[in-house]
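J.: In case it helps, TrEMBL gives these features for our protein:
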- 37-139: domain 'Cadherin' (DOMAIN)
- 140-248: domain 'Cadherin' (DOMAIN)
- 249-353: domain 'Cadherin' (DOMAIN)
- 354-458: domain 'Cadherin' (DOMAIN)
- 459-569: domain 'Cadherin' (DOMAIN)
- 570-687: domain 'Cadherin' (DOMAIN)
- 1-36: signal peptide (SIGNAL)
- 693-717: transmembrane segment (TRANSMEM)
Amino acid sequence: VLRRTMAWNGRRSRGSLRQVILFLLCVCVLQSGAESLRYSVAEEMERESFVGNIAQDLGLDPSQLAARKARVVSEGSQQLFRLNPSTGVLTATETLDREEICPQSETCTLFFKVLFDNPLQLIRGEVEVLDVNDNSPVFPEKEMVLDIPETTPPGFRFLMESAWDKDVGSNGLQNYSLGSNSYFSLALGTGKDGIKYPELVLDRHLDREEQPKISLLLTATDGGSPPRSGTTLIGIVVLDANDNMPVFSQEVYEVHIAENSPPGHLVVRVTATDPDDGSYGKVQYTFSRTLEGSQHVFELNPDTGEIRLTGRLDFEETKKHEMVVKATDGGGLFTQCKVLVEVVDVNDNAPEIQLTSHTASIPEDAPPRTLVALFSVRDRDSGDNGRTECTIEGDLPFTLTPTFDNYYELRTNAALDRETTSEYNISIRATDWGPRRLSSRQSLWVQVWDVNDNAPAFSQELYSMWVTENNSPMVRIGSVQASDADAGSNARVQYALERQEGQEQPALSVSSESGDVYVVRSLDYERLRALEVWLILHLTATDGGSPPRSGTAQIRIVVLDANDNTPMFSQKVYEVRLAENSPPGQLVVRVAATDPDEGSYAKVQYAFTQASEESQQLFDLNPDTGEIRLTGKLDFEETEKHIMIVRATDGGDRGQPPRSASATLAIALLHDFSDAHLRLSHEAPPAEPDDTLTLYLIACLACVSALCLATGLAALLMKLRRDRQRNAEPLPTFPTAVAESDAGSLPRSLVYDVCLTAGTLSSDFHFLGPLLPCFSAGMPPNTALQRSSMCSQEASNLGEGGD
């Protein structure tokens, strides 16, 4: 700045140069309070010039500025200052021109805010741009011509056009001076706005014949150090007699006009009259002086004096317009008046929302009152037109909190749920308080981060799946599905089976990714049924969150029976002895075969597969119960034995063929008790060992043994009882030879007959007692004969029972 100032004033004196240097280096840093900072800086300083040390003024260490992310936000759209967070020094980002930044303003103050994070803090600051005498006074015209009648009396004042100096204060226009001459002197006037204007005062009469033209040099000087000046050349043309000058009806016209007035709108009509006749009484109106920017807004009709708008007014740019209107008659005499136009503000600017800080995404478990954004609202209008309020459109879980100086904080006011709403489009509307309320809207997108707050949920609590036994390993029987309302890795579900302690390796496997259910080994329906094992397994679905969450369900496996078992007879060979005189319908034997399968697969049907035609006519097989009954009359002489093959067939279904097994049925006929020794010649093939059948046979043998023992004891007791009764009764008279008696055919002596059954591993010894007539004493012979036949029949039946 020193070098620049020396370059500007190299031709000035040393004393003046020192004053300028001291002035330009005078940057006053006001004492910083808890809420504001104040600095001042001279205009036209170079870029990156020092403005102040914020860290020092706030009593902070420069490292704290960087840690708290300190930054400077200027009001308006242009950032004029920059903060170095390492040093805390505030510098100007560009050369400041006070006349450009604050035109028509005595003081020029720029506002900024220092924003801190952690915690959030705003400090207001202002920089006053000090005026430098860098502009010289300028007249509207380099040369001005005045036509003055020679009849003008001494003391008459001529209002001259004022010079304009863009600088303000002491650097602004301060004085006028007039070059030496014999006719005119200079007087200074001050308007209501405090601006000085020059007036030429005629000191003595003009004489056109003596001097028709006079040249004057008017100089305008400012109060800078060193001062600057501007000049204009005034040419005085002495006119012939025109002794009346135009006169305005008002010296100053003051007008108020709304800034939204359309082009062509009549602002004011100035009127000047001249009592002269002819061309000397005809008045023409012109602008003699207008402020910068006003000449393109207003238009003056030279004949009527009407001033109309040609452009648009803007209260925010220029609040007042000042114009000087000159009325000139045909003789060259003129007079001047001022027109002051004050622009009335209307609500033509909508509020402006400027975002300072914005958090684009927040977690869904963020607590209420979490800061989301910080922004400011500015309305360039004034009064109520510039007063604003902010609201949030819609019913959203956010709230606005005003802080200070038109700043607002956007915070959450309720708990967020990403599963309900994953992102928010927050519309902030700023509305002013003008009669015709204007508003603007700013949209903020806030995305909600997912938090693992949902556990996977299965579509069913219990899954039922079917598989047919004897399945192939790793066959797929279905799938399970669990969903997680979260997103990303928090929603990635993996499946697993829970294994209880002491439980064997499960028969199922679940794909951890797809949820497909596989049977890992072949299943046996009959084994599972015998062990009473329910295939109900617990399934877990776990997400990928941290910490993970899980859900459970159950899988019930229904194993379907398959026809994989053949019916099994209780005996491979059924041996039956049947008396020749057995009546039709008598139950011969009941064959039984069992099938471990269930349902139709376990239902057994019986049928003869190998039997002679005679055997099929004599015996009937019930296909459902396996009962074989006699249907005809037996003839021992024709056939002594019948051998048939019985087949047991289960019920096939669902495309599976039936299974069957066979057993041999051997029926031996007994002619009479003398045939009790008959042995079956059929020898059944050795049966394959069967553990289950052996168990059944052992149980049956134990039962039969117990029954035989009970029967023997009962028979012994009955025999003892009969012997006692026989000893008590007289003996009957027997025939001399039993062979000659009609009562029986066997001798009285005890006959022992050994019957060995063919095909058995052991022989049974049957001891047949003597068949004696059972005559009671005193019975008639016929009755005795009948009684003997009954006893023979009982003995025959007893013999069959023993076989």
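Just so you know, the numbers here start at 1 and follow the chain as drawn.
Positions of Cβ are set from backbone N, Cα and C atoms, glycine also.
TrEMBL annotations: computationally assigned, not manually curated.
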J.: Cβ pairs under 8 Å with the domain 'Cadherin' (354-458): which stretch of 37-139, 140-248, 570-687 has the most?
T.: 37-139
J.: Averaged over the domain 'Cadherin' (249-353), what pLDDT does the prediction give?
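T.: Result for the domain 'Cadherin' (249-353): average pLDDT 89.
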J.: Could you put numbers on the helix, strand and coil content of the domain 'Cadherin' (249-353), residue by residue per DSSP?
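T.: Final tally across the stretch: 4 helix, 49 strand, 52 coil.
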J.: List the helix, strand and coil residue totals of the domain 'Cadherin' (37-139) as derived from DSSP.
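T.: With helix first, then strand, then coil, the domain 'Cadherin' (37-139) has 15 helix, 40 strand, 48 coil.
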